[in-house]
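Pulled from Swiss-Prot:
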type: ACT_SITE; residues: Glu48; note: active site, proton donor/acceptor
type: BINDING; residues: Cys203, Cys210, Cys213, Cys218; note: [4Fe-4S] cluster binding site
type: DOMAIN; residues: 111-139; note: domain 'HhH'
type: SITE; residues: Asp149; note: site 'Transition state stabilizer'
Amino acid sequence: MPHILPEPSVTGPRHISDTNLLAWYQRSHRDLPWREPGVSPWQILVSEFMLQQTPAARVLAIWPDWVRRWPTPSATATASTADVLRAWGKLGYPRRAKRLHECATVIARDHNDVVPDDIEILVTLPGVGSYTARAVACFAYRQRVPVVDTNVRRVVARAVHGRADAGAPSVPRDHADVLALLPHRETAPEFSVALMELGATVCTARTPRCGLCPLDWCAWRHAGYPPSDGPPRRGQAYTGTDRQVRGRLLDVLRAAEFPVTRAELDVAWLTDTAQRDRALESLLADALVTRTVDGRFALPGEGF
């Protein structure tokens, strides 16, 4: 990043201008269909499940077909677990798909097929934590609640606190920081999604594009971009991990019309047989794979 001299000493704002941020968002936001008007609370909840630890570009390849196929909780609940796992494809973390299916079943059965709008009820649903509950309350039901992801924490750390990164999460502190920034109720949802977009596309972790930032004041810029004083960031490994092996084994089962033999599964990962065995046992324990009475393997519900 080019060095920019600190600005003259001023009393720094402890807010972010919603006018500037919302105007920038209208000009520059990505075309993400789950943010469009008319998207149902259920379809927003589906997007939040998919976006957990997954880039939006990968979700774009799955979400539109998913919500056309299963537009409501009841439609999703009637699908088989195997169909849900197949449709989830290579989004990763397939337990999310299973939990989404369970969540749909609970909403259809206990909530008259309507996604609850109360955060305290939302967090009782399978697979729904505090962040997802708040995202649904904000984006589906337009409530003025803080929605704090990694991108939001980074923007607040830099613009408000003058730090290169946010450090370790603290839910009470992070929620209080964002709640203090939220404008009045009518524009709070747009402000929240714009803050996320700013962190995802401009105020990024490794290569922030400060020249494109719409904020007219940033404490980090004002301080001369001090580097992080925390430990070096580590990239999240995938190659060679148990996650990769689990994915390879599930790929075999998703492609199979009938249960497969152990030998057919074994060829999916020949590098480390102990790791392969461990990955298979974990899939069985998570009920993402079933073993038939004759010792073959299948997706849940297909072990005939």
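A Cβ is built for glycine as well, from the same backbone N, Cα and C atoms used for every other residue.
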Let me spell it out: take the domain 'HhH' (111-139), skip the flanking residues so only those 6+ beyond its ends count, and list any with a Cβ under 8 Å from a Cβ in it. 35, 40-42, 44-45, 48-49, 52, 72-74, 96, 99-100, 102-103, 145-149, 171, 188-189, 192-193
Integer Cα-Cα distance in angstrom, Cys213 ([4Fe-4S] cluster binding site) to Asp149 (site 'Transition state stabilizer'): 19
Other CB atoms, at most 10 A from the CB of the residue listed as 'active site, proton donor/acceptor': 24
C-alpha spacing of Asp149 (site 'Transition state stabilizer') relative to Cys210 ([4Fe-4S] cluster binding site), in angstrom: 20
Taking the Cβ of Cys218 ([4Fe-4S] cluster binding site) as reference, which residues of that chain separated by at least 6 in sequence fall under 8 Å from it? Arg158, Ala159, Cys210
Can you tell which of Cys210, Cys213 has the least company, meaning the fewest other C-beta atoms within 10 angstroms of its C-beta, among these binding-site residues? Cys210
Over all shown protein chains, what is the count of other CB atoms within 10 A of the CB belonging to Cys203 ([4Fe-4S] cluster binding site)? 25
Counting every protein chain present, what is the number of Cβ atoms, excluding its own, within 10 Å of the Cβ of Asp149 (site 'Transition state stabilizer')? 18
Distance between Asp149 (site 'Transition state stabilizer') and Glu48 (active site, proton donor/acceptor) at the Cα atoms, whole Å? 11
So how many of the residues in the domain 'HhH' (111-139) end up helix, strand or coil by DSSP? 14 helix, 0 strand, 15 coil
Same-chain neighbours of the [4Fe-4S] cluster site, Cβ within 8 Å of the mean position of the Cβ atoms of Cys203, Cys210, Cys213, Cys218 and not counting those residues, run in sequence order as Arg158, Ala159, Leu198, Val202, Pro208, Arg209, Leu212, Leu215, Trp220, Arg221
Express the distance between the Cα positions of Cys203 ([4Fe-4S] cluster binding site) and Glu48 (active site, proton donor/acceptor) as a whole number of Å. 21
Three states by DSSP: which one describes the residue listed as 'active site, proton donor/acceptor'? helix
